[in-house]
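**Q** Marked as Ni(2+) binding site by Swiss-Prot on the basis of sequence analysis: 2. Here Swiss-Prot flags 73, 76, 89, 92 as Zn(2+) binding site.
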């Protein structure tokens, strides 16, 4: 269950940013997570609630923005959606794609007090 580890890292980032900006409380965290990262959102939300207990982010709302997968076909040079690794180009059927979006995992923003 890598969601628990991810939440630990997220809380570390939150603490660093909040301390550096002299914040008292974190109200909301916005995460960007690529569709191809394979994160279970329910497990992530559960882990976040557990990990943030007793921290500056204890009652923070967790908002997850999913970034769809996208790739450039190495054959026809078209930009195509990618729902999973090893998808084929929807234009020419080639399997040689270069991923351009979908593996993101970052804290996009925080609302603090």
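Placement of Cβ uses the backbone N, Cα and C atoms for every residue, glycine included.
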**Q** Using CB atoms and a 10 A radius, I'd like the single residue among the binding-site residues 73, 76, 92 with the highest neighbour count.
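**A** Most Cβ neighbours within 10 Å: 73.
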**Q** Which chain neighbours of the Zn(2+) site, leaving out 73, 76, 89, 92, have a Cβ atom within 8 Å of the mean position of the site's Cβ atoms?
**A** 74, 75, 77, 78, 80, 90, 91, 93, 94, 97
**Q** Can you tell me whether DSSP puts residue 76 (Zn(2+) binding site) in helix, strand or coil?
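**A** Where residue 76 (Zn(2+) binding site) sits, the three-state DSSP reduction gives coil.
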**Q** Among the binding-site residues 2, 89, which residue has the fewest other Cβ atoms within 10 Å of its own Cβ?
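**A** 2, out of the binding-site residues 2, 89, has the fewest neighbouring Cβ atoms within 10 Å.
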